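See structure below.
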Amino acid sequence: MLSNLKRRGMRSLLFPYSLLLRPSTLSSVLIPPPNILRRPLPLLPASPFSGLKRGPASPIAASSPSSSFRRLSSSASSMADQAVSYLSQSEAAEVDEILMGPLGFSVDQLMELAGLSVATAIAEVYKSSEYSRILAICGPGNNGGDGLVAARHLHHFGYQPFICYPKRTPKTLYNGLVTQLESLSIPFLSINDLPQHLAENFDLIVDAMFGFSFNGQPRPPFDDLIQRLVSLRHDNYVSKRSPPIVSIDIPSGWHVEEGDITGEGLKPDMLVSLTAPKLCAKKFVGPHHFLGGRFVPPSISSKYKLCLPKYPGTSMCVRIGKPPSVDIASLRENYISPELLEDQVAPDPVDQFFKWFDEAVAAGLREPNAMTLSTCDREGKPSSRVVLLKGADKHGFVWYTNYESRKAHELSENPHASLLFYWNQLNHQVRVEGTVEKVSREESEQYFHSRPRGSQIGAIVSKQSTVVIGRHVLHDAYKELEERYADGTAIPLPEFWGGYRLKPTRFEFWQGQPSRLHDRLQYSLRILNGNELWHIERLSP
(Lines of atoms letter the chains of each structure in order from A and count residues from 1; the text may use other names and numbers.)
(Lines give C-alpha, C1' and ligand atoms only; values in the text may rest on other atoms or scores of the structure.)
Protein backbone atom coordinates (compact mmCIF):
# COMPACT_ATOMS: atom_id res chain seq x y z
CA MET A 1 0.00 0.00 0.00
CA LEU A 2 2.73 2.44 0.98
CA SER A 3 4.70 1.94 -2.22
CA ASN A 4 1.56 2.36 -4.27
CA LEU A 5 0.64 5.58 -2.47
CA LYS A 6 4.15 6.94 -2.97
CA ARG A 7 3.90 6.15 -6.67
CA ARG A 8 0.61 8.06 -6.91
CA GLY A 9 1.77 10.89 -4.67
CA MET A 10 -1.14 10.17 -2.31
CA ARG A 11 -1.33 11.38 1.28
CA SER A 12 -2.11 8.14 3.09
CA LEU A 13 -3.79 8.62 6.46
CA LEU A 14 -2.19 5.41 7.70
CA PHE A 15 1.27 6.95 7.92
CA PRO A 16 2.70 10.05 9.64
CA TYR A 17 3.53 13.09 7.60
CA SER A 18 5.04 16.52 8.10
CA LEU A 19 2.95 19.23 9.73
CA LEU A 20 5.19 21.98 8.39
CA LEU A 21 3.65 24.69 6.20
CA ARG A 22 5.41 26.59 3.47
CA PRO A 23 4.89 30.34 2.98
CA SER A 24 4.11 31.69 -0.46
CA THR A 25 2.21 34.46 -2.14
CA LEU A 26 -1.01 34.51 -4.12
CA SER A 27 -0.87 36.49 -7.30
CA SER A 28 -4.31 36.06 -8.80
CA VAL A 29 -7.75 34.66 -8.21
CA LEU A 30 -7.74 32.31 -11.21
CA ILE A 31 -4.80 30.17 -10.25
CA PRO A 32 -2.64 27.40 -11.69
CA PRO A 33 -0.35 25.15 -9.54
CA PRO A 34 -0.44 25.06 -5.76
CA ASN A 35 1.60 26.46 -2.90
CA ILE A 36 0.60 26.36 0.76
CA LEU A 37 0.36 29.69 2.53
CA ARG A 38 0.97 30.51 6.15
CA ARG A 39 -2.05 31.86 8.03
CA PRO A 40 -1.42 34.74 10.48
CA LEU A 41 -1.61 33.87 14.17
CA PRO A 42 -4.64 35.12 16.14
CA LEU A 43 -4.14 38.14 18.35
CA LEU A 44 -3.41 37.47 22.03
CA PRO A 45 -6.06 38.52 24.58
CA ALA A 46 -5.83 41.95 26.13
CA SER A 47 -4.05 42.45 29.44
CA PRO A 48 -5.68 41.41 32.69
CA PHE A 49 -8.34 43.36 34.55
CA SER A 50 -8.91 47.01 33.79
CA GLY A 51 -11.14 47.83 30.86
CA LEU A 52 -12.16 44.25 30.07
CA LYS A 53 -15.48 43.87 28.30
CA ARG A 54 -17.98 41.15 28.97
CA GLY A 55 -18.27 38.23 26.63
CA PRO A 56 -21.54 37.85 24.74
CA ALA A 57 -24.55 37.31 26.93
CA SER A 58 -25.77 33.79 27.57
CA PRO A 59 -28.57 33.07 25.15
CA ILE A 60 -31.53 31.96 27.26
CA ALA A 61 -34.73 32.07 25.26
CA ALA A 62 -37.96 32.79 27.11
CA SER A 63 -39.89 30.37 24.96
CA SER A 64 -39.33 28.12 22.02
CA PRO A 65 -40.40 29.50 18.65
CA SER A 66 -41.59 26.10 17.52
CA SER A 67 -43.36 23.32 19.36
CA SER A 68 -41.54 20.79 17.21
CA PHE A 69 -38.18 22.03 18.45
CA ARG A 70 -38.79 22.52 22.14
CA ARG A 71 -36.41 20.70 24.45
CA LEU A 72 -33.08 18.93 24.17
CA SER A 73 -31.17 17.05 26.86
CA SER A 74 -27.40 17.37 27.24
CA SER A 75 -25.37 14.42 26.00
CA ALA A 76 -23.04 14.51 29.02
CA SER A 77 -22.72 11.28 31.01
CA SER A 78 -25.24 11.16 33.83
CA MET A 79 -26.65 9.08 36.64
CA ALA A 80 -30.20 10.05 35.78
CA ASP A 81 -31.74 6.68 36.57
CA GLN A 82 -29.34 5.37 39.23
CA ALA A 83 -28.93 5.90 42.95
CA VAL A 84 -25.90 7.88 44.07
CA SER A 85 -24.20 7.54 47.45
CA TYR A 86 -23.72 10.52 49.75
CA LEU A 87 -21.19 10.89 52.58
CA SER A 88 -21.74 12.44 55.98
CA GLN A 89 -19.17 14.90 57.32
CA SER A 90 -17.54 12.28 59.53
CA GLU A 91 -17.44 9.72 56.69
CA ALA A 92 -15.84 12.24 54.36
CA ALA A 93 -13.16 12.94 56.97
CA GLU A 94 -12.54 9.20 57.42
CA VAL A 95 -12.17 8.71 53.67
CA ASP A 96 -9.56 11.47 53.52
CA GLU A 97 -7.65 9.89 56.40
CA ILE A 98 -7.63 6.50 54.66
CA LEU A 99 -6.54 8.02 51.36
CA MET A 100 -3.68 9.90 52.99
CA GLY A 101 -2.82 7.07 55.34
CA PRO A 102 -2.72 3.41 54.34
CA LEU A 103 -3.50 4.16 50.67
CA GLY A 104 -0.46 6.40 50.28
CA PHE A 105 -1.93 9.57 48.75
CA SER A 106 -0.42 12.93 49.67
CA VAL A 107 -2.38 16.15 50.16
CA ASP A 108 -0.85 17.74 47.09
CA GLN A 109 -1.74 14.71 44.92
CA LEU A 110 -5.38 14.82 45.97
CA MET A 111 -5.47 18.60 45.57
CA GLU A 112 -4.05 18.38 42.06
CA LEU A 113 -6.59 15.75 41.02
CA ALA A 114 -9.44 17.70 42.62
CA GLY A 115 -8.46 21.00 40.99
CA LEU A 116 -8.10 19.36 37.58
CA SER A 117 -11.54 17.77 38.01
CA VAL A 118 -13.10 21.14 38.79
CA ALA A 119 -11.45 22.82 35.81
CA THR A 120 -12.56 19.99 33.52
CA ALA A 121 -16.18 20.22 34.71
CA ILE A 122 -16.20 23.99 34.18
CA ALA A 123 -14.75 23.61 30.68
CA GLU A 124 -17.41 21.02 29.78
CA VAL A 125 -20.30 23.40 30.51
CA TYR A 126 -18.92 26.93 30.29
CA LYS A 127 -16.92 27.50 27.10
CA SER A 128 -13.96 29.87 27.17
CA SER A 129 -15.33 31.82 24.19
CA GLU A 130 -18.22 33.01 26.36
CA TYR A 131 -17.02 32.65 29.97
CA SER A 132 -13.43 33.80 29.66
CA ARG A 133 -12.95 35.92 32.80
CA ILE A 134 -13.13 33.72 35.89
CA LEU A 135 -12.85 34.92 39.48
CA ALA A 136 -11.74 32.20 41.92
CA ILE A 137 -12.40 33.11 45.57
CA CYS A 138 -10.19 30.85 47.66
CA GLY A 139 -10.34 30.14 51.39
CA PRO A 140 -7.43 29.22 53.68
CA GLY A 141 -7.94 25.43 53.68
CA ASN A 142 -7.80 22.54 51.25
CA ASN A 143 -10.90 23.79 49.45
CA GLY A 144 -9.04 27.00 48.67
CA GLY A 145 -6.09 24.93 47.46
CA ASP A 146 -8.42 23.08 45.08
CA GLY A 147 -9.52 26.47 43.74
CA LEU A 148 -5.92 27.59 43.18
CA VAL A 149 -5.13 24.40 41.26
CA ALA A 150 -8.34 24.73 39.23
CA ALA A 151 -7.39 28.30 38.29
CA ARG A 152 -4.02 27.14 36.98
CA HIS A 153 -5.62 24.49 34.80
CA LEU A 154 -8.27 26.93 33.58
CA HIS A 155 -5.48 29.26 32.47
CA HIS A 156 -3.99 26.45 30.39
CA PHE A 157 -7.46 25.65 29.02
CA GLY A 158 -7.62 29.17 27.54
CA TYR A 159 -9.55 31.04 30.25
CA GLN A 160 -8.45 34.26 31.99
CA PRO A 161 -8.58 33.58 35.75
CA PHE A 162 -8.28 36.07 38.61
CA ILE A 163 -7.64 35.04 42.22
CA CYS A 164 -9.04 36.51 45.42
CA TYR A 165 -7.11 34.80 48.25
CA PRO A 166 -7.55 37.03 51.31
CA LYS A 167 -6.35 34.62 54.04
CA ARG A 168 -3.25 32.91 52.70
CA THR A 169 -2.03 29.72 54.37
CA PRO A 170 1.71 29.99 55.18
CA LYS A 171 2.50 26.39 54.24
CA THR A 172 4.95 25.24 51.59
CA LEU A 173 2.24 23.55 49.53
CA TYR A 174 0.09 26.68 49.30
CA ASN A 175 3.06 28.98 48.74
CA GLY A 176 4.02 26.76 45.83
CA LEU A 177 0.54 27.02 44.32
CA VAL A 178 0.68 30.80 44.58
CA THR A 179 4.12 30.85 42.95
CA GLN A 180 2.85 28.68 40.09
CA LEU A 181 -0.03 31.10 39.45
CA GLU A 182 2.18 34.17 39.67
CA SER A 183 4.60 32.63 37.18
CA LEU A 184 1.68 32.55 34.72
CA SER A 185 0.94 36.26 35.41
CA ILE A 186 -2.47 35.37 36.84
CA PRO A 187 -3.63 38.44 38.82
CA PHE A 188 -4.28 38.25 42.58
CA LEU A 189 -6.94 40.69 43.75
CA SER A 190 -7.28 41.86 47.32
CA ILE A 191 -10.69 42.48 48.87
CA ASN A 192 -10.23 46.17 48.12
CA ASP A 193 -9.30 45.40 44.51
CA LEU A 194 -12.54 43.58 43.82
CA PRO A 195 -14.87 45.70 41.68
CA GLN A 196 -18.14 46.78 43.21
CA HIS A 197 -20.17 45.08 40.50
CA LEU A 198 -18.82 41.56 40.06
CA ALA A 199 -21.30 40.81 37.28
CA GLU A 200 -19.84 43.55 35.11
CA ASN A 201 -16.28 42.31 35.36
CA PHE A 202 -16.43 38.51 35.55
CA ASP A 203 -18.13 35.87 33.43
CA LEU A 204 -17.99 33.09 36.05
CA ILE A 205 -17.13 32.82 39.76
CA VAL A 206 -15.55 29.82 41.47
CA ASP A 207 -16.53 29.41 45.13
CA ALA A 208 -13.54 27.69 46.79
CA MET A 209 -13.91 29.19 50.26
CA PHE A 210 -15.00 26.35 52.57
CA GLY A 211 -15.03 22.56 52.27
CA PHE A 212 -16.67 19.71 54.18
CA SER A 213 -14.44 20.10 57.26
CA PHE A 214 -15.71 23.62 58.01
CA ASN A 215 -17.88 24.17 61.10
CA GLY A 216 -19.67 27.20 62.47
CA GLN A 217 -20.43 30.50 60.80
CA PRO A 218 -18.19 32.12 58.17
CA ARG A 219 -16.03 34.91 59.61
CA PRO A 220 -14.77 38.08 57.91
CA PRO A 221 -13.99 38.61 55.14
CA PHE A 222 -15.67 35.46 53.87
CA ASP A 223 -19.08 36.25 55.36
CA ASP A 224 -19.18 39.42 53.27
CA LEU A 225 -17.88 37.63 50.16
CA ILE A 226 -20.60 34.98 50.44
CA GLN A 227 -23.25 37.68 50.78
CA ARG A 228 -21.90 39.43 47.72
CA LEU A 229 -22.33 36.22 45.77
CA VAL A 230 -25.84 35.76 47.15
CA SER A 231 -26.72 39.32 46.20
CA LEU A 232 -25.75 38.71 42.56
CA ARG A 233 -29.12 36.99 42.13
CA HIS A 234 -30.98 39.99 43.56
CA ASP A 235 -29.10 42.92 42.06
CA ASN A 236 -30.95 44.85 39.39
CA TYR A 237 -29.01 43.75 36.31
CA VAL A 238 -31.94 44.01 33.96
CA SER A 239 -30.04 43.73 30.69
CA LYS A 240 -27.11 41.63 31.91
CA ARG A 241 -26.80 38.08 33.11
CA SER A 242 -25.55 37.19 36.54
CA PRO A 243 -22.29 35.24 36.26
CA PRO A 244 -22.69 31.52 37.03
CA ILE A 245 -21.28 30.38 40.39
CA VAL A 246 -19.39 27.09 40.63
CA SER A 247 -18.97 25.67 44.14
CA ILE A 248 -16.26 23.16 44.93
CA ASP A 249 -17.54 20.17 46.95
CA ILE A 250 -19.69 22.28 49.35
CA PRO A 251 -21.43 25.58 48.61
CA SER A 252 -19.72 27.94 51.06
CA GLY A 253 -21.90 28.75 54.07
CA TRP A 254 -23.95 25.56 53.79
CA HIS A 255 -24.20 22.98 56.55
CA VAL A 256 -22.28 19.93 55.30
CA GLU A 257 -25.19 17.59 55.92
CA GLU A 258 -28.31 19.79 56.08
CA GLY A 259 -27.49 22.20 53.28
CA ASP A 260 -28.74 25.79 53.09
CA ILE A 261 -30.50 25.84 56.46
CA THR A 262 -31.83 29.41 56.28
CA GLY A 263 -32.83 29.24 52.63
CA GLU A 264 -31.04 32.55 52.07
CA GLY A 265 -27.57 31.19 51.35
CA LEU A 266 -25.54 30.67 48.22
CA LYS A 267 -27.34 29.07 45.28
CA PRO A 268 -24.61 27.95 42.87
CA ASP A 269 -25.29 27.03 39.28
CA MET A 270 -22.77 24.19 39.37
CA LEU A 271 -21.59 21.95 42.19
CA VAL A 272 -18.49 19.82 41.68
CA SER A 273 -18.55 17.14 44.37
CA LEU A 274 -15.19 15.53 45.11
CA THR A 275 -14.54 11.86 45.92
CA ALA A 276 -18.27 11.33 46.58
CA PRO A 277 -21.16 13.79 47.07
CA LYS A 278 -21.72 15.03 50.64
CA LEU A 279 -25.19 14.85 52.19
CA CYS A 280 -25.87 18.54 51.58
CA ALA A 281 -25.61 17.89 47.81
CA LYS A 282 -29.11 16.34 48.02
CA LYS A 283 -30.38 19.90 48.53
CA PHE A 284 -28.53 21.24 45.48
CA VAL A 285 -31.05 22.37 42.84
CA GLY A 286 -28.75 24.00 40.28
CA PRO A 287 -28.61 22.73 36.70
CA HIS A 288 -25.11 21.21 36.79
CA HIS A 289 -23.90 18.66 39.36
CA PHE A 290 -20.62 16.91 38.58
CA LEU A 291 -18.47 14.41 40.44
CA GLY A 292 -14.69 14.84 40.26
CA GLY A 293 -11.62 13.23 41.77
CA ARG A 294 -11.15 10.03 39.88
CA PHE A 295 -9.16 8.25 42.58
CA VAL A 296 -11.58 6.28 44.79
CA PRO A 297 -10.19 2.71 45.10
CA PRO A 298 -12.41 -0.39 45.44
CA SER A 299 -11.55 -0.79 49.12
CA ILE A 300 -13.17 2.57 49.99
CA SER A 301 -16.15 1.95 47.70
CA SER A 302 -16.72 -1.38 49.45
CA LYS A 303 -16.23 -0.05 53.00
CA TYR A 304 -18.71 2.81 52.58
CA LYS A 305 -20.97 0.96 50.09
CA LEU A 306 -20.52 3.75 47.58
CA CYS A 307 -22.58 3.81 44.42
CA LEU A 308 -20.83 6.23 42.08
CA PRO A 309 -21.06 6.83 38.33
CA LYS A 310 -18.41 5.56 35.95
CA TYR A 311 -16.17 8.19 34.45
CA PRO A 312 -16.44 8.33 30.65
CA GLY A 313 -13.26 7.65 28.72
CA THR A 314 -10.34 9.66 30.09
CA SER A 315 -12.51 12.37 31.65
CA MET A 316 -11.78 13.64 35.17
CA CYS A 317 -15.45 14.48 35.81
CA VAL A 318 -18.86 12.92 35.31
CA ARG A 319 -22.32 14.44 35.50
CA ILE A 320 -24.59 13.36 38.36
CA GLY A 321 -28.35 13.40 37.98
CA LYS A 322 -30.36 14.42 34.98
CA PRO A 323 -28.66 16.94 32.71
CA PRO A 324 -30.66 20.13 32.24
CA SER A 325 -33.17 20.41 29.44
CA VAL A 326 -32.58 23.40 27.24
CA ASP A 327 -34.51 25.15 24.53
CA ILE A 328 -33.08 24.02 21.21
CA ALA A 329 -33.60 27.49 19.79
CA SER A 330 -31.33 28.96 22.47
CA LEU A 331 -28.34 26.77 21.61
CA ARG A 332 -25.77 28.86 19.80
CA GLU A 333 -22.05 29.49 19.72
CA ASN A 334 -20.38 32.81 19.01
CA TYR A 335 -17.32 31.75 17.01
CA ILE A 336 -14.01 33.53 17.50
CA SER A 337 -11.52 32.96 14.68
CA PRO A 338 -8.89 34.85 12.70
CA GLU A 339 -10.12 36.07 9.31
CA LEU A 340 -9.91 33.69 6.37
CA LEU A 341 -8.89 35.85 3.41
CA GLU A 342 -8.51 35.06 -0.25
CA ASP A 343 -4.83 36.02 -0.34
CA GLN A 344 -4.05 33.78 2.65
CA VAL A 345 -5.29 30.43 1.35
CA ALA A 346 -3.45 27.94 -0.85
CA PRO A 347 -4.10 28.22 -4.60
CA ASP A 348 -4.96 24.53 -4.80
CA PRO A 349 -7.85 23.38 -2.55
CA VAL A 350 -6.24 20.00 -1.81
CA ASP A 351 -3.24 21.81 -0.33
CA GLN A 352 -5.57 24.04 1.68
CA PHE A 353 -7.44 20.96 2.86
CA PHE A 354 -4.26 19.35 4.14
CA LYS A 355 -3.21 22.57 5.82
CA TRP A 356 -6.42 22.46 7.87
CA PHE A 357 -6.23 18.69 8.27
CA ASP A 358 -2.71 19.00 9.70
CA GLU A 359 -3.98 21.60 12.17
CA ALA A 360 -6.75 19.20 13.26
CA VAL A 361 -4.19 16.42 13.77
CA ALA A 362 -1.84 18.73 15.69
CA ALA A 363 -4.78 19.86 17.90
CA GLY A 364 -5.31 16.23 18.96
CA LEU A 365 -8.88 16.04 17.62
CA ARG A 366 -10.42 12.60 17.69
CA GLU A 367 -10.65 11.01 14.23
CA PRO A 368 -9.91 14.13 12.19
CA ASN A 369 -10.37 11.97 9.09
CA ALA A 370 -14.06 11.36 9.86
CA MET A 371 -16.25 12.77 7.11
CA THR A 372 -19.94 12.80 6.29
CA LEU A 373 -20.59 11.15 2.92
CA SER A 374 -23.85 12.16 1.23
CA THR A 375 -25.24 10.24 -1.72
CA CYS A 376 -28.51 10.20 -3.69
CA ASP A 377 -30.39 7.42 -5.42
CA ARG A 378 -31.71 7.69 -8.97
CA GLU A 379 -34.81 9.51 -7.69
CA GLY A 380 -32.70 12.13 -5.94
CA LYS A 381 -33.48 10.93 -2.41
CA PRO A 382 -30.43 11.75 -0.24
CA SER A 383 -28.80 9.77 2.55
CA SER A 384 -25.77 10.56 4.70
CA ARG A 385 -23.41 8.67 6.98
CA VAL A 386 -19.98 9.15 8.54
CA VAL A 387 -17.06 7.28 6.98
CA LEU A 388 -13.30 7.57 7.39
CA LEU A 389 -10.99 9.14 4.84
CA LYS A 390 -8.13 6.73 4.10
CA GLY A 391 -6.15 8.59 1.47
CA ALA A 392 -6.16 11.79 -0.55
CA ASP A 393 -4.19 13.51 -3.29
CA LYS A 394 -4.84 15.72 -6.31
CA HIS A 395 -6.79 12.85 -7.89
CA GLY A 396 -9.34 12.60 -5.11
CA PHE A 397 -10.46 11.45 -1.65
CA VAL A 398 -10.54 7.71 -0.90
CA TRP A 399 -12.59 5.60 1.52
CA TYR A 400 -13.41 1.89 1.71
CA THR A 401 -16.68 0.07 2.20
CA ASN A 402 -18.93 -2.82 1.22
CA TYR A 403 -19.87 -2.70 -2.48
CA GLU A 404 -23.31 -4.11 -1.61
CA SER A 405 -24.18 -1.45 0.96
CA ARG A 406 -26.82 1.24 0.53
CA LYS A 407 -24.21 3.88 -0.27
CA ALA A 408 -22.74 1.61 -2.92
CA HIS A 409 -26.11 0.99 -4.58
CA GLU A 410 -26.82 4.73 -4.63
CA LEU A 411 -23.40 5.49 -6.12
CA SER A 412 -24.02 2.94 -8.85
CA GLU A 413 -27.25 4.79 -9.72
CA ASN A 414 -25.91 8.31 -9.21
CA PRO A 415 -22.10 8.73 -9.11
CA HIS A 416 -22.28 12.30 -7.74
CA ALA A 417 -21.58 12.73 -4.01
CA SER A 418 -20.34 15.19 -1.39
CA LEU A 419 -18.05 14.99 1.64
CA LEU A 420 -18.20 17.13 4.75
CA PHE A 421 -15.39 17.51 7.31
CA TYR A 422 -16.27 19.37 10.53
CA TRP A 423 -13.55 20.21 13.06
CA ASN A 424 -15.62 21.86 15.75
CA GLN A 425 -12.80 22.91 18.09
CA LEU A 426 -11.08 24.80 15.26
CA ASN A 427 -14.26 26.39 13.85
CA HIS A 428 -13.44 24.74 10.53
CA GLN A 429 -15.67 23.02 8.00
CA VAL A 430 -14.76 21.71 4.54
CA ARG A 431 -17.23 20.63 1.87
CA VAL A 432 -16.07 18.65 -1.15
CA GLU A 433 -18.28 17.81 -4.14
CA GLY A 434 -17.50 15.65 -7.14
CA THR A 435 -17.96 12.40 -9.00
CA VAL A 436 -17.18 8.98 -7.55
CA GLU A 437 -15.50 5.93 -9.03
CA LYS A 438 -14.15 2.68 -7.63
CA VAL A 439 -10.44 2.43 -6.92
CA SER A 440 -8.48 -0.37 -8.54
CA ARG A 441 -8.66 -3.90 -7.17
CA GLU A 442 -4.94 -3.64 -6.44
CA GLU A 443 -5.42 -0.56 -4.25
CA SER A 444 -8.30 -2.19 -2.37
CA GLU A 445 -6.30 -5.35 -1.77
CA GLN A 446 -3.26 -3.47 -0.50
CA TYR A 447 -5.36 -1.41 1.90
CA PHE A 448 -7.42 -4.42 3.04
CA HIS A 449 -4.30 -6.31 4.12
CA SER A 450 -2.91 -3.25 5.92
CA ARG A 451 -5.89 -3.40 8.31
CA PRO A 452 -5.87 -5.33 11.61
CA ARG A 453 -6.92 -8.96 11.11
CA GLY A 454 -9.99 -8.37 13.24
CA SER A 455 -11.12 -5.62 10.90
CA GLN A 456 -10.53 -7.85 7.88
CA ILE A 457 -12.71 -10.58 9.40
CA GLY A 458 -15.35 -8.00 10.36
CA ALA A 459 -15.52 -6.74 6.78
CA ILE A 460 -16.25 -10.28 5.53
CA VAL A 461 -18.82 -11.03 8.25
CA SER A 462 -20.81 -7.82 7.77
CA LYS A 463 -23.33 -7.88 4.93
CA GLN A 464 -23.57 -4.14 5.29
CA SER A 465 -27.03 -2.51 5.34
CA THR A 466 -28.87 -5.85 5.32
CA VAL A 467 -31.24 -6.90 8.11
CA VAL A 468 -29.76 -9.20 10.79
CA ILE A 469 -31.93 -10.95 13.39
CA GLY A 470 -29.51 -10.37 16.29
CA ARG A 471 -25.98 -9.48 17.27
CA HIS A 472 -25.27 -13.14 18.08
CA VAL A 473 -25.37 -13.89 14.34
CA LEU A 474 -22.45 -11.53 13.78
CA HIS A 475 -20.53 -12.93 16.77
CA ASP A 476 -20.99 -16.52 15.61
CA ALA A 477 -19.88 -15.76 12.05
CA TYR A 478 -16.90 -13.77 13.34
CA LYS A 479 -15.82 -16.61 15.64
CA GLU A 480 -16.08 -19.14 12.82
CA LEU A 481 -13.83 -17.08 10.51
CA GLU A 482 -11.43 -16.29 13.35
CA GLU A 483 -10.96 -20.02 13.93
CA ARG A 484 -10.60 -20.71 10.19
CA TYR A 485 -7.69 -18.25 9.89
CA ALA A 486 -6.19 -18.89 13.33
CA ASP A 487 -3.00 -20.24 11.72
CA GLY A 488 -2.10 -16.76 10.47
CA THR A 489 -2.68 -17.39 6.77
CA ALA A 490 -3.66 -14.39 4.66
CA ILE A 491 -7.33 -13.49 4.72
CA PRO A 492 -8.58 -13.07 1.13
CA LEU A 493 -10.17 -9.80 0.06
CA PRO A 494 -13.90 -10.44 -0.51
CA GLU A 495 -15.26 -9.56 -3.93
CA PHE A 496 -17.90 -7.31 -2.38
CA TRP A 497 -15.45 -5.01 -0.58
CA GLY A 498 -13.23 -2.18 -1.82
CA GLY A 499 -12.57 1.52 -2.16
CA TYR A 500 -14.12 4.59 -3.76
CA ARG A 501 -12.47 7.80 -4.89
CA LEU A 502 -14.32 11.11 -5.09
CA LYS A 503 -12.80 13.34 -7.78
CA PRO A 504 -13.47 16.93 -6.62
CA THR A 505 -15.04 19.61 -8.79
CA ARG A 506 -15.92 22.01 -5.96
CA PHE A 507 -14.58 22.81 -2.46
CA GLU A 508 -15.86 25.16 0.22
CA PHE A 509 -13.80 26.20 3.25
CA TRP A 510 -15.92 27.57 6.08
CA GLN A 511 -14.54 29.30 9.15
CA GLY A 512 -16.83 30.42 12.00
CA GLN A 513 -16.83 34.12 12.86
CA PRO A 514 -18.60 36.35 15.42
CA SER A 515 -22.20 37.43 14.79
CA ARG A 516 -22.62 34.73 12.12
CA LEU A 517 -20.47 36.66 9.62
CA HIS A 518 -18.66 33.44 8.75
CA ASP A 519 -15.92 33.15 6.15
CA ARG A 520 -16.83 30.96 3.16
CA LEU A 521 -14.30 30.55 0.36
CA GLN A 522 -15.34 28.44 -2.61
CA TYR A 523 -13.01 26.75 -5.08
CA SER A 524 -14.66 25.74 -8.37
CA LEU A 525 -12.97 23.94 -11.24
CA ARG A 526 -12.82 26.00 -14.45
CA ILE A 527 -11.45 25.25 -17.92
CA LEU A 528 -9.17 27.95 -19.38
CA ASN A 529 -7.38 27.39 -22.68
CA GLY A 530 -7.89 23.66 -22.27
CA ASN A 531 -6.40 23.64 -18.76
CA GLU A 532 -8.21 22.91 -15.50
CA LEU A 533 -7.79 25.77 -13.01
CA TRP A 534 -9.26 26.41 -9.56
CA HIS A 535 -11.21 29.65 -9.21
CA ILE A 536 -11.59 31.15 -5.71
CA GLU A 537 -14.50 33.34 -4.70
CA ARG A 538 -16.14 34.40 -1.42
CA LEU A 539 -19.68 33.33 -0.59
CA SER A 540 -22.01 35.26 1.66
CA PRO A 541 -22.38 33.53 5.06
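Cβ atoms here come from the backbone N, Cα and C positions, even for glycine.
Under the heading (6S)-NADPHX binding site, TrEMBL lists Asn142, Asn143, Gly144, Gly145, Asp146, Gly211, Phe212, Ser213, Phe214, Asn215, Gly216, Gln217, Asp249. Long-range Cβ proximity for Asn143 (K(+) binding site), meaning a same-chain Cβ under 8 A and a gap of 6 or more residues, is found for Ala208, Met209, Phe210, Gly211, Phe214, Ile248, Asp249, Ile250.
Per TrEMBL, the feature K(+) binding site maps to Asn143, Asp207, Ser252. Sequence-distant contacts of Ser252 (K(+) binding site), defined as residues of its own chain at least six apart whose C-beta falls under 8 angstroms from its C-beta, comprise Gly139, Asp207, Met209, Phe210, Pro218, Phe222, Ile226, Leu266.
What TrEMBL records for 92-308 is domain 'YjeF N-terminal'.
Mean pLDDT for the domain 'YjeF N-terminal' (92-308) in this predicted model: 92. Sorting the binding-site residues Phe212, Phe214 by the number of other Cβ atoms within 10 Å puts Phe212 first.
Comment: (6S)-NADPHX site residues Asn142, Asn143, Gly144, Gly145, Asp146, Gly211, Phe212, Ser213, Phe214, Asn215, Gly216, Gln217, Asp249; largest CA to CA distance 21 Å, whole number. Taking a C-beta cut-off of under 8 angstroms and a sequence separation of 6 or more, Gly144 ((6S)-NADPHX binding site) has the following same-chain neighbours: Cys138, Tyr165, Thr169, Tyr174, Ala208, Met209.
Burial estimate for the binding-site residues (Asp146, Asp207, Asp249): highest at Asp146, by number of other CB atoms within 10 Å.
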